[in-house]
Amino acid sequence: MTSGKGETSTKLKSLSRKPSVSHEANEERMAGGKAQEDFTLPRSKTESALEKATSSDHGANSDTFTYKKFKWCLLKPPLGRDDGKPSDPKTNERREKVKEMMKFAWDNYKRYAWGKNELRPLTKNGHIGNMFGGLRGASIIDSLDTLFIMGLMEEYNDAKEWVKTSLDLNSNGEASLFEVNIRYVGGLLSAYYLTGEELFRNKAVELGEKLLPAFNTPTGIPRGVINLGSGTSWSWGWASAGSSILAEFGTLHLEFVHLTELSSNPIYTEKVMNIRKLLNKIEKPHGLYPNFLSPVSGNWVQHHVSIGGLGDSFYEYLIKSYLMSDKTDDDAKKMYYSALEAIEANLVQKSPAGLTYMAEWRGGILDHKMGHLACFSGGMIGIGADDGAPDKRQHYLDLAAEITHTCHESYVRSATKLGPEAFRFDSGAEATATRLSDRYYILRPEVIESYMYMWRLTHDPKYREWGWEAVEALEEHCRVESGFSGIRDVYTTTVGHDNMQQSFFLSETLKYLYLLFSDDDLLPLEDWVFNTEAHPLPIIHRSCLQEEATQDKTVSE
Ligand code: DMJ
(Lines of atoms letter the chains of each structure in order from A and count residues from 1; the text may use other names and numbers.)
(Lines give C-alpha, C1' and ligand atoms only; values in the text may rest on other atoms or scores of the structure.)
Protein backbone atom coordinates (compact mmCIF):
# COMPACT_ATOMS: atom_id res chain seq x y z
CA MET A 1 0.00 0.00 0.00
CA THR A 2 1.71 3.17 -1.06
CA SER A 3 -1.03 5.76 -0.77
CA GLY A 4 -2.92 6.56 2.35
CA LYS A 5 -6.28 5.50 0.98
CA GLY A 6 -6.39 2.43 3.21
CA GLU A 7 -6.05 4.43 6.38
CA THR A 8 -9.12 5.30 8.41
CA SER A 9 -8.07 8.92 8.56
CA THR A 10 -8.44 9.23 4.80
CA LYS A 11 -12.06 8.11 4.59
CA LEU A 12 -13.24 11.61 3.86
CA LYS A 13 -10.56 12.11 1.25
CA SER A 14 -11.65 8.95 -0.47
CA LEU A 15 -15.20 10.16 -0.69
CA SER A 16 -13.99 13.34 -2.32
CA ARG A 17 -12.59 11.23 -5.15
CA LYS A 18 -16.09 11.45 -6.57
CA PRO A 19 -15.88 14.93 -8.12
CA SER A 20 -18.10 17.53 -6.52
CA VAL A 21 -19.54 18.56 -9.89
CA SER A 22 -21.58 15.39 -9.93
CA HIS A 23 -25.10 16.25 -11.04
CA GLU A 24 -27.81 15.20 -8.61
CA ALA A 25 -30.22 13.64 -11.09
CA ASN A 26 -27.29 12.06 -12.83
CA GLU A 27 -26.11 10.56 -9.53
CA GLU A 28 -29.54 9.24 -8.75
CA ARG A 29 -29.80 7.74 -12.23
CA MET A 30 -26.37 6.15 -11.90
CA ALA A 31 -26.97 4.78 -8.45
CA GLY A 32 -30.30 3.25 -9.39
CA GLY A 33 -30.91 2.96 -5.68
CA LYS A 34 -28.38 0.15 -5.49
CA ALA A 35 -25.01 1.72 -5.69
CA GLN A 36 -24.47 1.46 -1.98
CA GLU A 37 -24.99 -2.28 -1.92
CA ASP A 38 -22.21 -4.77 -2.39
CA PHE A 39 -23.39 -7.17 -5.05
CA THR A 40 -22.08 -10.69 -5.07
CA LEU A 41 -23.08 -13.01 -7.84
CA PRO A 42 -24.92 -16.16 -6.86
CA ARG A 43 -22.69 -19.13 -7.68
CA SER A 44 -25.41 -21.27 -9.23
CA LYS A 45 -24.92 -20.50 -12.91
CA THR A 46 -21.16 -20.14 -12.98
CA GLU A 47 -20.25 -22.75 -10.43
CA SER A 48 -19.61 -25.61 -12.82
CA ALA A 49 -17.44 -23.55 -15.11
CA LEU A 50 -15.56 -22.12 -12.16
CA GLU A 51 -14.82 -25.53 -10.77
CA LYS A 52 -13.58 -26.76 -14.11
CA ALA A 53 -11.34 -23.74 -14.56
CA THR A 54 -7.61 -24.25 -14.39
CA SER A 55 -5.72 -22.60 -11.59
CA SER A 56 -3.91 -19.92 -13.58
CA ASP A 57 -5.53 -16.55 -13.11
CA HIS A 58 -4.34 -14.54 -16.16
CA GLY A 59 -4.97 -11.27 -14.42
CA ALA A 60 -8.44 -12.08 -13.14
CA ASN A 61 -9.44 -10.12 -10.10
CA SER A 62 -9.24 -12.28 -7.04
CA ASP A 63 -11.40 -9.89 -5.00
CA THR A 64 -15.13 -10.12 -5.32
CA PHE A 65 -16.50 -7.35 -7.48
CA THR A 66 -18.68 -4.76 -5.82
CA TYR A 67 -20.48 -1.96 -7.60
CA LYS A 68 -19.55 0.43 -4.85
CA LYS A 69 -15.84 -0.23 -5.34
CA PHE A 70 -16.19 0.06 -9.07
CA LYS A 71 -17.89 3.46 -8.84
CA TRP A 72 -15.41 4.76 -6.34
CA CYS A 73 -12.53 3.89 -8.64
CA LEU A 74 -13.88 5.82 -11.62
CA LEU A 75 -11.90 9.00 -12.18
CA LYS A 76 -14.95 11.02 -13.22
CA PRO A 77 -18.75 10.81 -12.98
CA PRO A 78 -19.89 8.72 -15.98
CA LEU A 79 -22.58 11.13 -17.11
CA GLY A 80 -20.54 14.26 -16.56
CA ARG A 81 -21.46 17.57 -15.01
CA ASP A 82 -24.89 18.03 -16.55
CA ASP A 83 -25.38 14.78 -18.46
CA GLY A 84 -22.86 16.11 -20.97
CA LYS A 85 -25.07 19.04 -22.02
CA PRO A 86 -22.98 21.37 -24.18
CA SER A 87 -22.97 25.06 -23.25
CA ASP A 88 -23.22 26.20 -26.87
CA PRO A 89 -26.96 26.49 -27.76
CA LYS A 90 -26.52 25.42 -31.40
CA THR A 91 -24.70 22.25 -30.41
CA ASN A 92 -27.30 21.56 -27.77
CA GLU A 93 -30.07 21.95 -30.34
CA ARG A 94 -28.27 19.40 -32.52
CA ARG A 95 -27.93 17.05 -29.58
CA GLU A 96 -31.64 17.38 -28.89
CA LYS A 97 -32.34 16.53 -32.50
CA VAL A 98 -30.35 13.31 -32.19
CA LYS A 99 -32.27 12.46 -29.02
CA GLU A 100 -35.52 13.00 -30.92
CA MET A 101 -34.26 10.61 -33.64
CA MET A 102 -33.55 7.99 -30.99
CA LYS A 103 -37.01 8.41 -29.48
CA PHE A 104 -38.60 8.15 -32.92
CA ALA A 105 -36.63 5.00 -33.81
CA TRP A 106 -37.40 3.47 -30.41
CA ASP A 107 -41.12 4.38 -30.35
CA ASN A 108 -41.64 2.78 -33.74
CA TYR A 109 -39.71 -0.32 -32.75
CA LYS A 110 -41.86 -0.53 -29.63
CA ARG A 111 -45.08 -0.03 -31.54
CA TYR A 112 -44.47 -2.43 -34.41
CA ALA A 113 -41.71 -4.84 -33.44
CA TRP A 114 -41.58 -5.07 -29.65
CA GLY A 115 -39.59 -8.10 -28.55
CA LYS A 116 -38.41 -8.90 -32.09
CA ASN A 117 -34.80 -8.27 -33.05
CA GLU A 118 -35.24 -5.36 -35.46
CA LEU A 119 -38.00 -3.14 -36.82
CA ARG A 120 -39.02 -3.37 -40.47
CA PRO A 121 -40.17 0.22 -40.81
CA LEU A 122 -41.88 0.03 -44.21
CA THR A 123 -43.95 -3.07 -43.61
CA LYS A 124 -44.35 -2.06 -39.94
CA ASN A 125 -43.47 -5.39 -38.41
CA GLY A 126 -40.61 -7.12 -36.67
CA HIS A 127 -37.62 -9.05 -37.98
CA ILE A 128 -36.05 -11.98 -36.16
CA GLY A 129 -33.32 -13.22 -38.51
CA ASN A 130 -30.89 -16.00 -37.74
CA MET A 131 -27.90 -14.31 -36.14
CA PHE A 132 -28.89 -14.56 -32.50
CA GLY A 133 -29.81 -18.22 -32.10
CA GLY A 134 -33.39 -17.71 -31.05
CA LEU A 135 -32.57 -14.84 -28.71
CA ARG A 136 -35.00 -11.95 -29.09
CA GLY A 137 -35.03 -8.23 -28.41
CA ALA A 138 -31.66 -7.31 -30.00
CA SER A 139 -32.87 -3.72 -30.46
CA ILE A 140 -33.85 -3.56 -26.79
CA ILE A 141 -30.52 -4.83 -25.49
CA ASP A 142 -28.61 -2.65 -27.95
CA SER A 143 -30.62 0.42 -26.83
CA LEU A 144 -30.43 0.15 -23.05
CA ASP A 145 -27.32 2.29 -22.60
CA THR A 146 -28.22 4.78 -25.36
CA LEU A 147 -31.63 5.42 -23.76
CA PHE A 148 -29.99 5.75 -20.38
CA ILE A 149 -27.32 8.26 -21.34
CA MET A 150 -29.88 10.31 -23.30
CA GLY A 151 -32.08 10.45 -20.20
CA LEU A 152 -34.98 8.70 -21.98
CA MET A 153 -35.92 7.10 -18.69
CA GLU A 154 -39.45 5.98 -19.44
CA GLU A 155 -38.13 4.13 -22.48
CA TYR A 156 -35.16 2.77 -20.53
CA ASN A 157 -37.54 1.47 -17.84
CA ASP A 158 -39.67 -0.28 -20.46
CA ALA A 159 -36.51 -1.87 -21.83
CA LYS A 160 -35.37 -2.96 -18.36
CA GLU A 161 -38.80 -4.44 -17.62
CA TRP A 162 -38.63 -6.43 -20.86
CA VAL A 163 -35.23 -7.82 -19.89
CA LYS A 164 -36.66 -8.79 -16.51
CA THR A 165 -39.81 -10.47 -17.76
CA SER A 166 -39.11 -11.58 -21.32
CA LEU A 167 -35.42 -11.98 -22.13
CA ASP A 168 -35.24 -15.75 -22.41
CA LEU A 169 -31.70 -17.06 -22.56
CA ASN A 170 -32.80 -20.68 -22.80
CA SER A 171 -33.01 -20.61 -26.56
CA ASN A 172 -31.99 -23.49 -28.69
CA GLY A 173 -31.01 -21.88 -31.97
CA GLU A 174 -27.86 -21.34 -33.97
CA ALA A 175 -26.20 -18.10 -33.01
CA SER A 176 -23.23 -16.10 -34.19
CA LEU A 177 -20.82 -16.14 -31.25
CA PHE A 178 -19.52 -12.72 -32.33
CA GLU A 179 -22.90 -11.02 -32.72
CA VAL A 180 -24.31 -12.40 -29.47
CA ASN A 181 -21.17 -11.29 -27.68
CA ILE A 182 -20.93 -7.74 -29.02
CA ARG A 183 -24.65 -6.94 -28.89
CA TYR A 184 -26.14 -8.99 -26.03
CA VAL A 185 -23.21 -9.55 -23.68
CA GLY A 186 -21.82 -6.07 -24.44
CA GLY A 187 -25.22 -4.40 -24.08
CA LEU A 188 -26.00 -6.14 -20.78
CA LEU A 189 -22.56 -5.39 -19.35
CA SER A 190 -22.84 -1.68 -20.18
CA ALA A 191 -26.34 -1.51 -18.79
CA TYR A 192 -25.04 -3.04 -15.57
CA TYR A 193 -22.05 -0.75 -15.22
CA LEU A 194 -24.16 2.34 -15.90
CA THR A 195 -27.08 1.48 -13.65
CA GLY A 196 -25.93 -1.01 -11.01
CA GLU A 197 -28.99 -3.16 -11.77
CA GLU A 198 -27.98 -6.66 -10.77
CA LEU A 199 -30.41 -8.10 -13.28
CA PHE A 200 -28.13 -7.05 -16.14
CA ARG A 201 -25.06 -8.50 -14.51
CA ASN A 202 -26.70 -11.86 -13.90
CA LYS A 203 -28.04 -12.06 -17.45
CA ALA A 204 -24.65 -11.15 -18.93
CA VAL A 205 -22.85 -13.87 -16.97
CA GLU A 206 -25.57 -16.42 -17.62
CA LEU A 207 -25.32 -15.76 -21.34
CA GLY A 208 -21.52 -15.72 -21.23
CA GLU A 209 -21.52 -19.22 -19.84
CA LYS A 210 -23.65 -20.43 -22.74
CA LEU A 211 -20.96 -19.22 -25.16
CA LEU A 212 -18.13 -21.21 -23.58
CA PRO A 213 -18.65 -24.51 -25.49
CA ALA A 214 -17.71 -22.71 -28.73
CA PHE A 215 -14.11 -22.75 -27.45
CA ASN A 216 -13.97 -26.55 -27.26
CA THR A 217 -11.73 -26.96 -30.29
CA PRO A 218 -8.23 -28.47 -30.57
CA THR A 219 -6.67 -25.00 -30.42
CA GLY A 220 -9.21 -23.18 -28.24
CA ILE A 221 -9.95 -20.85 -31.17
CA PRO A 222 -13.76 -20.76 -31.10
CA ARG A 223 -15.93 -21.65 -34.05
CA GLY A 224 -18.23 -18.95 -35.41
CA VAL A 225 -21.63 -20.55 -34.85
CA ILE A 226 -22.97 -22.07 -31.65
CA ASN A 227 -26.22 -23.70 -30.66
CA LEU A 228 -27.01 -21.93 -27.41
CA GLY A 229 -29.03 -24.87 -26.13
CA SER A 230 -26.82 -27.86 -26.90
CA GLY A 231 -23.49 -26.06 -26.99
CA THR A 232 -22.62 -27.67 -30.34
CA SER A 233 -20.56 -25.34 -32.49
CA TRP A 234 -19.39 -25.25 -36.07
CA SER A 235 -17.85 -22.94 -38.64
CA TRP A 236 -19.73 -20.74 -41.08
CA GLY A 237 -20.53 -22.62 -44.28
CA TRP A 238 -19.05 -19.78 -46.34
CA ALA A 239 -15.74 -19.66 -44.44
CA SER A 240 -13.11 -21.58 -46.35
CA ALA A 241 -12.05 -25.02 -45.04
CA GLY A 242 -13.93 -24.79 -41.76
CA SER A 243 -12.02 -21.73 -40.67
CA SER A 244 -12.81 -19.18 -37.97
CA ILE A 245 -12.88 -15.45 -38.75
CA LEU A 246 -10.28 -13.08 -37.28
CA ALA A 247 -12.80 -10.29 -36.61
CA GLU A 248 -15.05 -12.77 -34.82
CA PHE A 249 -12.73 -14.71 -32.52
CA GLY A 250 -10.62 -11.55 -32.12
CA THR A 251 -13.56 -9.51 -30.84
CA LEU A 252 -14.33 -11.19 -27.55
CA HIS A 253 -11.60 -9.89 -25.30
CA LEU A 254 -13.21 -6.81 -23.75
CA GLU A 255 -16.49 -8.49 -22.87
CA PHE A 256 -14.88 -11.70 -21.61
CA VAL A 257 -12.47 -9.86 -19.32
CA HIS A 258 -15.48 -8.08 -17.82
CA LEU A 259 -17.33 -11.37 -17.43
CA THR A 260 -14.44 -12.58 -15.32
CA GLU A 261 -14.45 -9.31 -13.42
CA LEU A 262 -18.14 -9.61 -12.56
CA SER A 263 -18.26 -13.35 -11.88
CA SER A 264 -14.83 -13.78 -10.25
CA ASN A 265 -14.56 -16.73 -12.62
CA PRO A 266 -11.20 -16.76 -14.45
CA ILE A 267 -12.44 -18.96 -17.27
CA TYR A 268 -13.58 -16.12 -19.54
CA THR A 269 -10.24 -14.35 -19.37
CA GLU A 270 -8.44 -17.65 -19.87
CA LYS A 271 -10.36 -18.31 -23.07
CA VAL A 272 -9.48 -14.99 -24.65
CA MET A 273 -5.90 -15.01 -23.38
CA ASN A 274 -5.47 -18.34 -25.11
CA ILE A 275 -6.60 -16.77 -28.41
CA ARG A 276 -4.23 -13.89 -27.80
CA LYS A 277 -1.27 -16.20 -27.15
CA LEU A 278 -1.86 -18.24 -30.28
CA LEU A 279 -2.11 -15.11 -32.44
CA ASN A 280 0.98 -13.64 -30.86
CA LYS A 281 3.02 -16.77 -31.51
CA ILE A 282 1.94 -17.71 -35.00
CA GLU A 283 3.99 -16.57 -37.98
CA LYS A 284 2.43 -13.63 -39.79
CA PRO A 285 2.99 -12.84 -43.47
CA HIS A 286 4.75 -9.46 -43.54
CA GLY A 287 3.54 -8.95 -39.96
CA LEU A 288 -0.08 -9.00 -41.18
CA TYR A 289 -2.98 -11.01 -39.74
CA PRO A 290 -4.95 -12.89 -42.40
CA ASN A 291 -8.72 -13.13 -41.91
CA PHE A 292 -9.18 -16.92 -41.80
CA LEU A 293 -7.63 -19.32 -39.29
CA SER A 294 -8.26 -23.03 -38.76
CA PRO A 295 -9.55 -23.78 -35.23
CA VAL A 296 -8.16 -27.28 -35.67
CA SER A 297 -4.58 -26.72 -36.84
CA GLY A 298 -4.16 -23.13 -35.67
CA ASN A 299 -2.81 -22.16 -39.11
CA TRP A 300 -3.95 -19.41 -41.46
CA VAL A 301 -6.25 -20.75 -44.12
CA GLN A 302 -5.76 -18.08 -46.76
CA HIS A 303 -3.95 -14.77 -47.07
CA HIS A 304 -6.68 -12.13 -47.30
CA VAL A 305 -6.02 -9.17 -45.00
CA SER A 306 -8.52 -6.42 -44.38
CA ILE A 307 -9.08 -3.58 -41.95
CA GLY A 308 -12.71 -3.70 -43.06
CA GLY A 309 -15.04 -6.71 -42.82
CA LEU A 310 -13.55 -9.98 -41.50
CA GLY A 311 -10.57 -8.26 -39.89
CA ASP A 312 -11.68 -4.88 -38.50
CA SER A 313 -12.57 -5.21 -34.83
CA PHE A 314 -9.67 -7.57 -34.06
CA TYR A 315 -7.32 -4.57 -34.37
CA GLU A 316 -9.80 -2.37 -32.48
CA TYR A 317 -9.84 -4.84 -29.56
CA LEU A 318 -6.05 -4.93 -29.32
CA ILE A 319 -5.71 -1.23 -28.57
CA LYS A 320 -8.91 -1.17 -26.52
CA SER A 321 -7.73 -4.16 -24.45
CA TYR A 322 -4.63 -2.18 -23.62
CA LEU A 323 -6.63 0.94 -22.75
CA MET A 324 -9.24 -1.03 -20.78
CA SER A 325 -6.47 -2.62 -18.70
CA ASP A 326 -5.48 0.86 -17.53
CA LYS A 327 -2.51 0.54 -19.87
CA THR A 328 -1.08 -2.54 -18.17
CA ASP A 329 -1.72 -5.15 -20.89
CA ASP A 330 1.63 -4.83 -22.63
CA ASP A 331 1.13 -7.79 -24.96
CA ALA A 332 -1.98 -6.17 -26.42
CA LYS A 333 -0.05 -2.93 -26.82
CA LYS A 334 2.88 -4.57 -28.61
CA MET A 335 0.61 -6.56 -30.89
CA TYR A 336 -1.42 -3.48 -31.78
CA TYR A 337 1.52 -1.26 -32.71
CA SER A 338 3.30 -4.04 -34.64
CA ALA A 339 0.09 -4.73 -36.54
CA LEU A 340 -0.33 -1.03 -37.26
CA GLU A 341 3.24 -0.81 -38.57
CA ALA A 342 2.57 -3.75 -40.89
CA ILE A 343 -0.70 -2.15 -42.02
CA GLU A 344 1.08 1.12 -42.77
CA ALA A 345 3.84 -0.64 -44.65
CA ASN A 346 1.55 -2.83 -46.74
CA LEU A 347 -2.00 -1.48 -46.87
CA VAL A 348 -2.09 2.29 -46.40
CA GLN A 349 -2.16 4.02 -49.77
CA LYS A 350 -2.46 7.52 -51.20
CA SER A 351 -4.77 8.07 -54.16
CA PRO A 352 -3.76 10.22 -57.18
CA ALA A 353 -5.91 13.01 -55.72
CA GLY A 354 -4.16 12.70 -52.38
CA LEU A 355 -6.71 10.73 -50.37
CA THR A 356 -5.26 8.31 -47.81
CA TYR A 357 -6.98 4.93 -47.69
CA MET A 358 -6.59 1.35 -46.45
CA ALA A 359 -6.45 -1.12 -49.32
CA GLU A 360 -7.12 -4.83 -48.89
CA TRP A 361 -4.31 -7.37 -49.33
CA ARG A 362 -4.69 -10.68 -51.10
CA GLY A 363 -1.50 -12.66 -50.74
CA GLY A 364 0.63 -9.68 -51.72
CA ILE A 365 -1.72 -8.20 -54.31
CA LEU A 366 -3.53 -5.02 -53.38
CA ASP A 367 -7.24 -4.56 -53.93
CA HIS A 368 -7.75 -0.78 -53.95
CA LYS A 369 -11.03 -0.91 -52.14
CA MET A 370 -12.07 0.41 -48.74
CA GLY A 371 -15.22 -0.80 -47.01
CA HIS A 372 -17.48 1.43 -44.94
CA LEU A 373 -16.58 -0.91 -42.07
CA ALA A 374 -12.90 0.08 -42.41
CA CYS A 375 -13.82 3.69 -41.64
CA PHE A 376 -13.79 2.94 -37.90
CA SER A 377 -9.99 2.94 -38.22
CA GLY A 378 -9.74 6.74 -38.15
CA GLY A 379 -11.03 6.69 -34.58
CA MET A 380 -8.99 3.64 -33.63
CA ILE A 381 -5.70 5.12 -34.81
CA GLY A 382 -6.64 8.38 -33.08
CA ILE A 383 -7.25 6.83 -29.65
CA GLY A 384 -4.01 4.87 -29.93
CA ALA A 385 -1.90 7.89 -30.90
CA ASP A 386 -0.73 8.68 -27.38
CA ASP A 387 0.70 5.31 -26.48
CA GLY A 388 2.93 4.32 -29.40
CA ALA A 389 6.47 5.61 -29.81
CA PRO A 390 6.46 9.22 -28.52
CA ASP A 391 7.82 10.54 -31.82
CA LYS A 392 4.91 8.94 -33.69
CA ARG A 393 2.07 10.64 -31.80
CA GLN A 394 1.57 13.42 -34.35
CA HIS A 395 2.05 10.96 -37.20
CA TYR A 396 -0.79 8.76 -35.89
CA LEU A 397 -3.05 11.74 -35.29
CA ASP A 398 -2.40 12.89 -38.86
CA LEU A 399 -3.07 9.41 -40.24
CA ALA A 400 -6.31 9.18 -38.21
CA ALA A 401 -7.41 12.58 -39.55
CA GLU A 402 -6.53 11.62 -43.15
CA ILE A 403 -8.50 8.37 -43.02
CA THR A 404 -11.47 10.16 -41.45
CA HIS A 405 -11.26 12.80 -44.18
CA THR A 406 -11.29 10.11 -46.87
CA CYS A 407 -14.35 8.48 -45.32
CA HIS A 408 -16.07 11.86 -45.21
CA GLU A 409 -15.22 12.23 -48.91
CA SER A 410 -17.02 8.95 -49.59
CA TYR A 411 -20.11 10.61 -48.11
CA VAL A 412 -19.87 14.02 -49.82
CA ARG A 413 -19.29 12.43 -53.23
CA SER A 414 -22.71 10.78 -53.17
CA ALA A 415 -26.05 12.36 -54.07
CA THR A 416 -27.56 11.49 -50.69
CA LYS A 417 -24.47 12.56 -48.68
CA LEU A 418 -24.37 9.10 -47.17
CA GLY A 419 -21.52 6.71 -47.89
CA PRO A 420 -21.61 3.45 -49.85
CA GLU A 421 -20.84 0.03 -48.40
CA ALA A 422 -17.49 0.01 -50.23
CA PHE A 423 -15.62 2.60 -52.30
CA ARG A 424 -12.70 2.23 -54.64
CA PHE A 425 -9.54 3.92 -55.79
CA ASP A 426 -8.93 2.33 -59.17
CA SER A 427 -10.06 2.82 -62.76
CA GLY A 428 -10.32 6.54 -62.09
CA ALA A 429 -12.49 6.15 -58.97
CA GLU A 430 -11.68 8.25 -55.93
CA ALA A 431 -13.70 7.23 -52.84
CA THR A 432 -16.74 6.19 -54.88
CA ALA A 433 -18.43 2.84 -55.38
CA THR A 434 -17.96 1.51 -58.88
CA ARG A 435 -20.07 -1.62 -58.51
CA LEU A 436 -23.84 -1.54 -58.20
CA SER A 437 -23.63 -4.08 -55.41
CA ASP A 438 -21.54 -1.72 -53.25
CA ARG A 439 -23.84 1.28 -53.39
CA TYR A 440 -26.06 0.59 -50.40
CA TYR A 441 -26.03 2.17 -46.93
CA ILE A 442 -27.52 0.22 -44.02
CA LEU A 443 -27.40 2.89 -41.27
CA ARG A 444 -23.84 1.93 -40.39
CA PRO A 445 -21.95 3.91 -37.73
CA GLU A 446 -18.23 3.68 -38.60
CA VAL A 447 -17.75 7.06 -40.29
CA ILE A 448 -19.62 8.89 -37.54
CA GLU A 449 -17.70 6.87 -34.94
CA SER A 450 -14.45 8.29 -36.30
CA TYR A 451 -15.93 11.83 -36.27
CA MET A 452 -16.75 11.38 -32.59
CA TYR A 453 -13.26 10.23 -31.61
CA MET A 454 -11.57 12.85 -33.77
CA TRP A 455 -13.74 15.54 -32.20
CA ARG A 456 -12.76 14.39 -28.71
CA LEU A 457 -9.08 14.27 -29.67
CA THR A 458 -8.77 17.52 -31.60
CA HIS A 459 -11.87 19.66 -31.00
CA ASP A 460 -11.68 20.64 -34.63
CA PRO A 461 -15.24 21.96 -35.31
CA LYS A 462 -15.29 20.32 -38.75
CA TYR A 463 -16.05 16.96 -37.14
CA ARG A 464 -19.25 18.29 -35.59
CA GLU A 465 -20.18 19.86 -38.94
CA TRP A 466 -19.59 16.56 -40.71
CA GLY A 467 -21.71 14.80 -38.09
CA TRP A 468 -24.49 17.29 -38.67
CA GLU A 469 -24.32 16.70 -42.43
CA ALA A 470 -24.91 13.02 -41.68
CA VAL A 471 -27.89 13.84 -39.43
CA GLU A 472 -29.45 15.89 -42.22
CA ALA A 473 -28.86 13.12 -44.75
CA LEU A 474 -30.30 10.46 -42.43
CA GLU A 475 -33.35 12.62 -41.86
CA GLU A 476 -33.85 13.28 -45.54
CA HIS A 477 -33.22 9.83 -46.98
CA CYS A 478 -33.51 7.22 -44.24
CA ARG A 479 -36.34 8.53 -42.07
CA VAL A 480 -39.65 7.06 -43.14
CA GLU A 481 -43.08 7.24 -41.58
CA SER A 482 -42.39 4.49 -39.06
CA GLY A 483 -38.70 4.51 -38.27
CA PHE A 484 -35.35 4.66 -40.07
CA SER A 485 -34.42 2.45 -42.98
CA GLY A 486 -31.25 1.66 -44.89
CA ILE A 487 -31.15 2.67 -48.57
CA ARG A 488 -30.18 0.70 -51.64
CA ASP A 489 -28.21 3.31 -53.57
CA VAL A 490 -26.52 6.34 -52.07
CA TYR A 491 -25.97 7.81 -55.53
CA THR A 492 -29.61 8.56 -56.27
CA THR A 493 -31.98 10.79 -54.36
CA THR A 494 -34.93 8.73 -55.57
CA VAL A 495 -34.14 6.32 -52.78
CA GLY A 496 -35.19 2.71 -52.45
CA HIS A 497 -35.42 1.61 -48.82
CA ASP A 498 -34.28 -1.77 -47.56
CA ASN A 499 -37.00 -1.93 -44.89
CA MET A 500 -34.61 -2.57 -42.00
CA GLN A 501 -33.82 -0.50 -38.91
CA GLN A 502 -30.64 -2.21 -37.77
CA SER A 503 -30.14 -2.52 -34.02
CA PHE A 504 -26.68 -0.97 -34.38
CA PHE A 505 -28.35 2.24 -35.56
CA LEU A 506 -29.75 2.62 -32.01
CA SER A 507 -26.69 1.31 -30.30
CA GLU A 508 -23.93 2.98 -32.30
CA THR A 509 -24.93 5.50 -34.96
CA LEU A 510 -27.24 7.54 -32.75
CA LYS A 511 -25.06 7.13 -29.65
CA TYR A 512 -21.93 8.35 -31.43
CA LEU A 513 -23.87 11.31 -32.85
CA TYR A 514 -25.17 12.16 -29.39
CA LEU A 515 -21.66 11.97 -27.93
CA LEU A 516 -20.32 14.10 -30.78
CA PHE A 517 -22.70 16.90 -29.76
CA SER A 518 -22.12 16.41 -26.02
CA ASP A 519 -19.38 17.64 -23.74
CA ASP A 520 -16.41 15.32 -23.38
CA ASP A 521 -17.38 14.54 -19.79
CA LEU A 522 -20.24 12.30 -20.92
CA LEU A 523 -18.62 8.86 -20.72
CA PRO A 524 -15.08 10.29 -20.47
CA LEU A 525 -12.40 8.32 -22.30
CA GLU A 526 -10.30 8.31 -19.13
CA ASP A 527 -12.78 5.81 -17.69
CA TRP A 528 -14.54 4.11 -20.59
CA VAL A 529 -13.83 2.20 -23.78
CA PHE A 530 -16.59 1.38 -26.23
CA ASN A 531 -16.96 -2.16 -27.43
CA THR A 532 -17.35 -2.62 -31.17
CA GLU A 533 -21.14 -2.19 -30.84
CA ALA A 534 -20.56 1.12 -28.97
CA HIS A 535 -21.41 -0.30 -25.56
CA PRO A 536 -19.29 1.51 -22.97
CA LEU A 537 -17.20 -0.72 -20.72
CA PRO A 538 -15.22 0.71 -17.83
CA ILE A 539 -11.45 0.82 -17.72
CA ILE A 540 -10.37 -1.53 -14.93
CA HIS A 541 -8.44 0.65 -12.49
CA ARG A 542 -6.94 -2.43 -10.90
CA SER A 543 -4.63 -0.80 -8.38
CA CYS A 544 -7.47 1.36 -7.09
CA LEU A 545 -9.83 -1.59 -6.88
CA GLN A 546 -7.30 -3.49 -4.80
CA GLU A 547 -6.57 -0.55 -2.52
CA GLU A 548 -10.24 0.04 -2.03
CA ALA A 549 -10.74 -3.62 -1.12
CA THR A 550 -8.51 -3.02 1.87
CA GLN A 551 -10.31 0.20 2.65
CA ASP A 552 -13.72 -1.49 2.55
CA LYS A 553 -12.62 -3.58 5.49
CA THR A 554 -11.55 -0.46 7.34
CA VAL A 555 -14.81 1.33 6.58
CA SER A 556 -16.96 -1.58 7.71
CA GLU A 557 -15.15 -1.89 11.04
C1 DMJ B 1 -21.76 -3.52 -35.80
O2 DMJ B 1 -22.46 -4.63 -35.39
C3 DMJ B 1 -20.38 -3.48 -35.21
O4 DMJ B 1 -19.86 -2.21 -35.31
C5 DMJ B 1 -19.44 -4.45 -35.88
O6 DMJ B 1 -18.13 -4.35 -35.39
C7 DMJ B 1 -19.43 -4.21 -37.37
N8 DMJ B 1 -20.74 -4.14 -37.95
C9 DMJ B 1 -21.80 -3.41 -37.29
C10 DMJ B 1 -22.02 -1.98 -37.74
O11 DMJ B 1 -21.73 -1.67 -39.02
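Cβ atoms here come from the backbone N, Cα and C positions, even for glycine.
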Cys375: disulphide-bonded cysteine as recorded in TrEMBL, out of Cys407, Cys478: Cys407
Cβ contacts of Thr532 (Ca(2+) binding site) (under 8 Å, same chain, 6 or more positions away): Ile182, Gly186, Thr251, Asp312, Ser313, Glu316, Tyr317, Phe376
Cβ contacts of Glu421 (active site, proton donor) (under 8 Å, same chain, 6 or more positions away): Gly371, His372, Ala433, Asp438, Arg439, Tyr440, Tyr441, Ile442, Arg444
Least buried by Cβ count (within 10 Å) of the active-site residues Glu179, Asp312, Glu446: Glu179
Inter-residue C-alpha distance, Cys407 (disulfide bond) and Glu179 (active site, proton donor) (nearest angstrom): 25
Pairwise Cα distance for Cys375 (disulfide bond)/Glu179 (active site, proton donor) [Å, integer]: 19
Three-state secondary structure, Asp312 (active site) (per DSSP): helix
